[in-house]
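J.: I have a structure here, written as structure tokens, and I will follow up with some questions on it.
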Amino acid sequence: MFLLYLCLLQVLTGAQHEPGYCSFYEDCGLNPAVEGALIPPRVPCKDYRKAVNVTGDHYELFKSVCPMLAHGEGKTLACCSFRQLTALQSSLTLSKAVLIRCPSCADNFAHIHCATTCSPNQSQILKITKTANITQPAGMVKEAVVGYEAYVSTSFSDASFRSCKNVRIPATGGYAIATMCGRYGATLCTPQRWLDFQGDSSNGLAPLDINFKLLPDGQTAGLPPGAVLFAGTALNCNETTPTGGEACSCQDCEQSCPAVPQPPPLPEPFMIGRLDGVLVICIIVFSCIFLLLICYVILEYTIRYQKSKGARKDVTCSDKASLATQEFLGSLFQTWGTIMARYPLIVLPVCLVVVLAFAVGIKDIELTTDPVQLWSAPQSRAMREKAFHDANFDPFYRTNQLILTAPDRPSHYYDSLLFGEQNFSGIISKDLIIELLELQQKIQAIEFWSDELNRTASLKDVCYAPLNPDNPSLTDCAVNSLPQYFQNSMDNLNAQVNMTELGVTKEVDWRDHFIYCVNSPLSFKDITALGMSCMADYGGPVFPFLAVGGYENEEYTTAEALILTFSLNNYARTDVKFKVAEEWERGFLEIVQEYQKNPNTNFTFAYMAERSLEDEINRTTAEDIPIFMISYAVIFLYIAVALGEYSSCKRILVDSKFLVGLGGILVVGCSVMASMGFYAWIGIPSSLVILQVVPFLVLAVGADNIFIFVLEYQRDMRRTGEKREEHIGRVLGNVAPSMLLCSLSESVCFFLGALSTMPAVKSFALYAALAVLMDFILQMTAFVALLSLDARRQDANRCEIACCVTVKTPHPSEPNQGVLLPLMKKYYAPALLNPVSRMVVFLATFCACVFLLFHVKVGLNQELAMPSDSYMLDYFAYLYKYFEVGVPTYFITTKGFNFTSEEGINAVCSSVGCDQFSFTQKLRYATEYPERSYLAIPASSWVDDYIDWLNPGSKCCRIYTAGPNKGEFCPANETGLFMCTKKCMSIPQNGVLRPSVEEFNRFLPDFLSNRPDLQCPKGGLGAYDKAVVRDKETGEIIASRFMAYHTPLVNSQEFTAALEKARELAHNITMTMRNVTGTSQDFEVFPYTVTYVYYEQYLTIVNEGLFNIGVCLLPTFVVCCILLGMDFRSGFLNLLTIVMITVDTVGVMTLWGIDFNAVSLINLVTAVGISVEFVSHLTRSFALSIRPTKVERAKEATANMGSAVFAGVAMTNLPGIVVLALAKAQLIQIFFFRLNLVITLLGMAHGLIFLPVLLSFFGMLTDKEEGGIRHVRTRVPSTKEEKKT
């Protein structure tokens, strides 16, 4: 009787746990406890019964859905009906869409649910915990199971989890497990959390609640009597499945990865012992040079002493050649100067006509402002790649972004029912999110009249709408922000509801939804009672790094910044919509700037629009024009004052040279205008750099020549019977060869500099070369004529401004030597050239700068292009501080690769059956070393997603079998019964799905136009529709791209290194893919992102700089040697000094934080030209001196020519340079103020200190008394009659 009672009790309670028995069976309808489900939540009926023997169609379906439990028809017992299997198949299909690329993972995942749903021993591995009554269509009420507890061994659950945790979603580069672990995401996901999400009916996917209890094998504690742990065989991800599925690829399974060699270690810094190797070498070189110098001095004095006892040396051939050259040039320029001075009123108009003829071309001048055209050569690799990308793909979309912070807001803790205690930063607060939403909606509502469209335009006319590009509405526009987790709905943000979890009831609100969404951004429904989607209103996911910033270790609630991004389509400048986009951005900036000024704003933020860079550069250019005008005015004032003689107060207005100074400035201006006009005529564009640098350069050169000419005229007394015109001609004959030497050296230098491949450097060199040449020609003509007119006025004792007023005080009979000449002759030159000071001058500095030269940084940070008060500087600072991901980069394939063949697919993809070193696999390997490759996220692969999309295990690719579209592609969201029963492809026998060429070409357009959704997340619209370009006639893929992400890059050095590494990787991939059968040998894979075209120059700029400076230095040596009569020693010393100035300039750049870049290179080329002015005049003066010793000749050259160089170059440049310190543009402050100040100071120091010392040691020493050289070099005949006598 007792046993009968026990049996009856067991039947009534359903508490039996016996092998061969079911706990539930048959489909009982929809779960009444689940609301807002994403798929029908069908639940089974409670039914304790023996397992059923499945046969016929039931078995075939069973074998298809749960092959791991099938043992043959008639031999297989199961606890699931045909209807249950259909519901299970539908549920598993959703998961297979993202897991099918790893068959063993998909098999293990199905195994778990097949075991709890269909296992013949179902009653042993689970316990029903919750039931509900459901009324059947026939009116009968049945008890349905809506919750149960499943017992699973940890060995099975852990192995299953391991097989799935690394499966990728190619479209995002993330992990599939992140979408299947709810609030924990991929990082915090564990086997328990993974299974808990599968059994949580609140996620919209699970039809009922399942509490998975994971226990170690063999443990019985906590199990009901008779219950056992399910301990099925879980496949490792590198194992094949029983149904023939191949092992997972390395991309999805670490165990499948081949042994990839570690990257070679970074090269160690060059060290000698514990010291920097370059520093040690520089010290050794300095010591050797110093010792050699001492030996040379001793040897020289010994030889000189011996020679003093012997006969004098005859005049050398070099001296005779030098004499002949100087006599010829002197005579030529004397005659020329006399003619120019004699007919000034003819010369000046002729010069004006010539200048105007050249300058009229300025009306057609083309000013290049696009940085791409300025710094990247048209035929450079980056420009070719950009042209290929722009010809085949849409340009990078235009970014308009705000990064907002609230630094004064305190953080707070929130005790979440589901997620526990969470720390929320001050900015993650409801009122600030609402304020951000209001700002976002205000920006979205921007409307304006567009002349280009002839109607009112708005955001939808220009926005990037990835899922509805043809006819977007406002909600289709891609706007990424935190409010998008709430679909920009205030109702969703304010939603609150009570929720019970584990017997605890609490209110859940926006914070719970936010925590869930940042960890599972691809979810269509959260697990809270709110039941809201995480997808943005435009249909795409908002990844957390696009919504918040300034967090660590994926602790998103502690983020310090909110990010709001509006993405617009980019258009060619010739497209009418380009101006529409710019106008929308103007409205965006106006709203943001107005919002920033609002005192009630609770945010501190930075912002930018796509147009901001160009706007700010143009603004600072306009604002800094007055600074340049003041700089030139200061220089003019100095020249006007410094050229005067000022012999007495009464003659100030007579002896002043205000008009001469003005004429000199006009000559410089006319030469620049003529150069610009000529090149505008022939179609060579100019740039802002040319407008800023060339006048400064020509002014430095021109002012130096003016000072040398005028000061020589003032110091030279007119000879008896000599006319004014003859006097001017004679003076010009003395100084013009020196002026010719410098101007010709500089002009040839710049013309050779035009060999540069960098457009900005090339155009600058051309403009500068012609301007310097024109300046010399105008000085030899117009300025000589102008000086003649001024001398006529001065001889008549007329005032300069009031020409009718005369002064009775006569001109002094003695020549005016000014202030500088006596000081330098009496004090400076003797002090400089005494035996002690000239032993170690500059050698240490040069060696130190050689050391520093190896440490100069290469690059130009983009924020330096902005003015010091630009809002863009705040934006860059916020970007580097708060943004957690780098710029996207595309790996682009060109024509010539067969993607349709099986070998071609395997060489590209990264899923099952793909080559272990395929295209996308190599990109994945690179992301394992982000500090070396600068790649953070593997590339999205349309090939992989296309294969997954074709897989019959998902609903993505089906064919209509009925209706008007019969035989055509049927999307997964087609709900008609029996409308789409045929799959695009059948299950492959070897487990590796590969379409035939015909299938590949047939279904590819359907894949690319298929909008992704819950039923088919692999659809290509939005992610890949613009990533594949096919030939319209043949269907051949002529271009495609695979998008990856760089690590955050914060300076130009990192951007350059990222480009270099990306190219190395792309080249390696190219070489591998060319080995695929049928691949063209000109097929190529190359990386491309919008920044590469700017930073490519830094890969070669060092070699480019050495070449440009080298070709500029060559003519300074050659011209100097020729014009000094083949005086090679003087030419070499001249060259050596200019080299030292250039090297020392680069060394000081290192100390002053001036990076080496294209702007620096232009200034260094300019430095060579200015150095010629500092050096060549003095070298020639030394070479022509007739003093008996080298020291005396150096003293004479320093006093006579050094004073003119100091007054003409140094003192002309310095006042104007100092004024540039007031400029707002950082580029001007750094590369024009700092660098030009360094160039001028170093040029002055080397020209007036080092060069005299160098010449006193190594200059040519000959006896100038011999052969009449003294006589010839002291005077050039002033007239033909004098010459005859």
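A Cβ is built for glycine as well, from the same backbone N, Cα and C atoms used for every other residue.
Automatic prediction, not curation, is the source of TrEMBL annotations.
OK, TrEMBL features for this one:
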- 1-17: signal peptide (SIGNAL)
- 277-299: transmembrane segment (TRANSMEM)
- 343-362: transmembrane segment (TRANSMEM)
- 624-789: domain 'SSD' (DOMAIN)
- 625-646: transmembrane segment (TRANSMEM)
- 658-682: transmembrane segment (TRANSMEM)
- 688-711: transmembrane segment (TRANSMEM)
- 731-758: transmembrane segment (TRANSMEM)
- 764-789: transmembrane segment (TRANSMEM)
- 831-854: transmembrane segment (TRANSMEM)
- 1105-1125: transmembrane segment (TRANSMEM)
- 1158-1178: transmembrane segment (TRANSMEM)
- 1199-1223: transmembrane segment (TRANSMEM)
- 1235-1261: transmembrane segment (TRANSMEM)
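Give me the lay of the land around each of these features.
T.: When Cβ-Cβ distances below 8 Å are used as the criterion, the transmembrane segment (343-362) is approached by residues 670, 673-681, 774, 778, 781-782, 784-786, 788-789 of the same chain, each at least six residues removed from its ends.
Here the transmembrane segment (688-711) has Cβ contacts under 8 Å with residues 367, 369, 374, 621, 628, 632, 635, 639, 642-643, 657, 660-661, 664-665, 667-669, 671-672, 675-676, 731-732, 735-736, 738-739, 742-743, 746, 760, 763-764, 767-768, 771-772, 775-776, 779, 783, 787, 818, 1159, 1162-1163, 1166, 1169-1170, 1173, 1177, 1201, 1203-1205, 1207-1209, 1212-1213, 1216, 1228, 1232, 1236 of the same chain, all six or more residues outside its ends.
Sequence-distant contacts of the transmembrane segment (764-789) (same chain, at least 6 residues past either end, Cβ-Cβ under 8 Å): 333, 336-337, 340-345, 347-348, 350-352, 355, 358, 659-660, 663-664, 667-668, 670-672, 674-676, 678-679, 684, 686-687, 689-690, 693-694, 697-698, 701-702, 705-706, 709-710, 713, 724-725, 728, 732, 736, 739-740, 743-744, 746-754, 756, 1108, 1162, 1165-1166, 1169.
Listed by sequence, the residues of this chain that lie at least six past the ends of the transmembrane segment (1105-1125) yet keep a Cβ under 8 A from its Cβ atoms are 318-326, 329, 737, 740-741, 744-745, 748-750, 752-753, 755-756, 761, 765, 1131-1132, 1134-1135, 1138-1139, 1142, 1156, 1161, 1164-1165, 1168-1169, 1172, 1176, 1179-1180, 1183.
Here the transmembrane segment (1199-1223) has Cβ contacts under 8 Å with residues 624, 627-628, 630-632, 634-635, 638-639, 642, 696, 699-700, 703-708, 711-712, 738, 818, 820-821, 823-825, 828-829, 1170, 1173-1174, 1177-1178, 1180-1181, 1229, 1232-1233, 1236-1237, 1240, 1243-1244, 1247-1248, 1252 of the same chain, all six or more residues outside its ends.
Cβ atoms under 8 Å from those of the transmembrane segment (1235-1261) belong to residues 293, 296-297, 300, 318, 696, 829, 832-833, 837-838, 841-842, 1127, 1129-1130, 1133, 1136-1137, 1140-1141, 1144-1145, 1148-1149, 1152, 1154, 1160, 1163, 1166-1167, 1170-1171, 1173-1175, 1178-1179, 1182-1183, 1189-1191, 1193-1195, 1197-1198, 1202, 1205-1206, 1209-1210, 1213-1214, 1217-1218, 1220 of the same chain, restricted to positions at least 6 beyond its ends.
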J.: Tell me whether the transmembrane segment (731-758) sits in contact with the transmembrane segment (658-682), defined here as at least 3 Cβ pairs under 8 Å among residues 6 or more apart in sequence.
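T.: Since fewer than 3 Cβ pairs under 8 Å link them, the transmembrane segment (731-758) and the transmembrane segment (658-682) do not come into contact.
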J.: With the transmembrane segment (625-646) as the reference, find which of 277-299, 658-682, 1158-1178 contributes the most Cβ pairs under 8 Å.
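T.: Most Cβ pairs under 8 Å with the transmembrane segment (625-646) come from 658-682.
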J.: Tell me, roughly as an integer, the mean pLDDT over the domain 'SSD' (624-789).
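T.: Overall, the domain 'SSD' (624-789) comes to a mean pLDDT of 83.
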